[in-house]
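Annotated features in TrEMBL:
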- 641-900: domain 'GPI ethanolamine phosphate transferase 2 C-terminal' (DOMAIN)
- 34-54: region 'Disordered' (REGION)
- 7-28: transmembrane segment (TRANSMEM)
- 431-452: transmembrane segment (TRANSMEM)
- 464-489: transmembrane segment (TRANSMEM)
- 501-526: transmembrane segment (TRANSMEM)
- 686-703: transmembrane segment (TRANSMEM)
- 709-729: transmembrane segment (TRANSMEM)
- 750-768: transmembrane segment (TRANSMEM)
- 788-814: transmembrane segment (TRANSMEM)
Amino acid sequence: MRVRSSFFASFCLVLEVLSVALFLRGFFPVPVKSSFSSKSKLSDLPDEPFTGSSPNLSKVPDPIFKRVVIVLIDALREDFVFGPNGRKYMPYTRHLVERGSTHSFVAKARPPTVTMPRIKALTTGSIPGFIDVVMNLNSPALLEDNLIWQAKMAGKRMVFYGDDTWVKLFPKHFMEYDGTTSFFVSDYTEVDNNVTRHLDNTLKRDDWDILILHYLGLDHIGHISGPHSSLIQPKLMEMDDILKKIHGSLILKETEGALPYLLVLCGDHGMSETGSHGGSSAHEVNTPLVLISPAFKRKVGMEKPPTIEQVDLTPTLALGLGLPISQNSVGRLIQPVVEEASLRDQLRFLHLNGHQLSCLLKDSMPAYEKEEGYEQFRVAEKSHGNWLKLVVEGNTSEVLNNMGKKVLKQYLEALRVMSAALSKQMGKYDMYSMVVGVVLVFQLLLLLLLAMPEALSGASEVDLPVSSALLSLPFYLLCLLLFSVHMLVCTSAESACYFCSLPWGLVFGAVALSSALLCILVSMAARKGAKPPGKSPSRASGGGWSLSELDILLLAGTAGHTLSLSASSFVEEEHQVWYFLLNTLCLVVFQDVCRKYFRERSANIGVIGCSEDKDCLPPSKEGYAVASPLTDLGVTGADSERWLALATPLLTLACCRLLRSLNQTGVQWVHLPDLGHWLNSSEHKTVLSLLAAMSLALIYFLVQRRCSWVSKIALALGLLGVYSYRAAVGNVVLPWQHSGGNMSKGTMKARFVYVFILGIFFTGSKDLLRSQVITADARLKSRGLWEIYSGVVLLVALLFRAHNLPVLCCCLLVQSLMAQFIWKKLHYDAAQTTIMHYWFGQAFFYFQGNSNSIATVDISVGFVGLESYVEAPAVFLTALSTYAGPLLWASHLICYLSSENRIGSG
């Protein structure tokens, strides 16, 4: 059955998206949540365990704190407070940590370390899933049981100022609030001033019980210039002064005999070495937690803060305020907070926490009774009942006190084990759904590779043996086999499986699709082996269809990379796979160049002609094949062409090695210093400025050759504007500017560049439309495409950070050299060229410093030229900058193939 290439590509694209979605559904497990729709109530709290028939003496525990103030500093790393620079950054806070009535901890946040999931974790005690990263852009109201809802139901009066994510998650919960947008990262001053301006008036009042302040300025500075920026210390000192003001006000309002206050200093997540967050590195997950209250003992010196889970704050605050613990909380009570209470109250708090965790364990694990933590809790609960009976009977011996301490340890161990078991639920993958998704993706990939030469041919059609595959006996046998495997897996699976929960009709369709794809692949492979595919010079002539070394590498490398994605370690370090494949590709291309220019030269010396079974170029006067002159680069002569062709793979290897040193990426070695960090340091700003200027000049030289004179002028002025913008924001310096000049947002200079980008796009679009509507001019169409491509290059140059401009420069250089000396001269077909472009695009994605962690997404580029947060352009610019490498290589492929078709038809 012959189908159009466009229909075939659309069909494969839809199936690829569905297969990837199925894989992701299994890879990102659903968060642990209780199946009960109702929320916890004080009336539902269990009685104290009591052995015997006597009535229970206590049901609802008394609150520990009267008022709670939570100061949440976005992206506050633990070393900003507890590290060597803590005394310099936050002197008052560090003094409280060392000498005050405080408890200090390193609170470990679970990935994804993004604001909205972390707020959900702090208020619900649960571990959000990675789907919350997407929801972070537009947070819906939180319907899950949470601390804020419990406080409202208990009549607590709450006031909030800061990140408007809280207002979206908890609408109508706060008595008074003022939200500020968290996405406009260019602003790190007003966003905090809008919070602080309410403090003086609020601290004087007595009409609130809980005050929450969420400061965003530190996070925005990190996104703009990283954790080692000169802006970090002034911002942290500002936060320290705010904490001092709040603490002083709480001390003045403290009255004799009243319940004490609690002041909480914490961060929602940390900050990576590049200033971003979202991943699982130590700097991103480790945040400081400082609890300040007169109810605590005064410290006598600096102690190493212990590590706890960030979700442990939720049950601690709930019990401290006399509220029920949220149903879905997996956190455990921070025991030092209640250590000054009586032993009976401490055991009561731990019993309530253990009861809540055991209920969640029952609801989420079928075999909960076999869980070690559940058994330990039951033992501790029984021991608690025996101890309480002796206390009620009036026994006050030391043995009883030791027995109570033993029960406390049993509770703590049971809480630890149950909390760990519930947290591990997040790591249980749906392996069956993942395997089905990977198999479908792999089959579709092989289908695309086998059909690509035919799809990219002049006929633009693909001959698929659908009828023969569907009418063959192996198809029906495969359907029966795969359906049997499906029934076996679904009936024996211990945990829930998404693919097993689908309707039988969809499952049978997926089974039939996989069986048909396998039969079609076998038929296409057999057909390729039976007859030659055409005139491709890279194929060996003769009766059969043989693959060259390059074909084998491209097929094996692409398939091998797909298979490697089934291992998490290969996903984390995927850049290493692409670097290896790209280096190998350069060596194979170098071998092809040597064969062409040395074998053909020896074969063509003298008057020896080409044999009939070889596709040779006519010999020149010098005795070897000569291709067209390189007028674009000003290179003449076959000798120069030969040596430049030989140097191209080696120069590409050198560029790749240089770019690998520019940005460390991945997970294992991302913390190691790289050339980018060295260039971005203040003492090397002059070197960075020279490198950026040279890169922009070379970018202009490489891009302008195929543009009209109008686009050339716009491109030159636009690149000058790019340098001026980087100088305005303080990344580089102008010759007449001192390195310590004032920084600005550079909004007008960025908009100046946008004008030239739009002008280039307009010129290219005009040429493209003229070639399609007015005159069928292939040359005009090609020029229009190249002009649009130059506009994309200028936009990418504006969005790239200064130290990444060499990445763009090397990208364009490799494209020009490969197009001029390799793809054209070695007569590589469209399929080979397309796969090579794909490989280069993936490699340059990682050369930019990207990885498969969302922590490497630079959201600050989404606000280049913007004075306020506008969602559509911010998302577009961020995505464009992140995927600039693959986009540039895909765009170059379209332009290159269009030019080659024009030359071939001319």
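We number each residue from 1, going along the chain as drawn.
Glycine too: its Cβ is placed from the backbone N, Cα and C atoms.
Across 431-452, 464-489, 686-703, 788-814, stretch 431-452 shows the highest tally of CB pairs under 8 A with the transmembrane segment (7-28).
By the Cβ criterion (distance under 8 Å, sequence gap of 6 or more), the transmembrane segment (431-452) is counted as touching the transmembrane segment (501-526), at least 3 such pairs being found. Of the recorded ranges 501-526, 686-703, 709-729, the transmembrane segment (464-489) has the largest number of C-beta contacts under 8 angstroms with 501-526. Using the rule of three or more Cβ pairs under 8 Å, pairs at least 6 apart in sequence, the transmembrane segment (686-703) is in contact with the transmembrane segment (709-729). If one looks beyond the transmembrane segment (788-814) by at least 6 residues along the same chain, the residues whose Cβ comes under 8 Å of a Cβ in the stretch are 651-652, 655, 658-659, 662-663, 675-676, 679-680, 688-689, 691-692, 695-696, 698-699, 702-704, 706-707, 711, 715, 718-719, 721-722, 725-726, 731-732, 750, 753-754, 756-757, 760-761, 764-765, 768, 840, 844, 847-849, 858, 861, 864, 877, 880-881, 884-885, 887-889, 891-892, 895.
Mean predicted confidence for the domain 'GPI ethanolamine phosphate transferase 2 C-terminal' (641-900): the pLDDT average there is 88.
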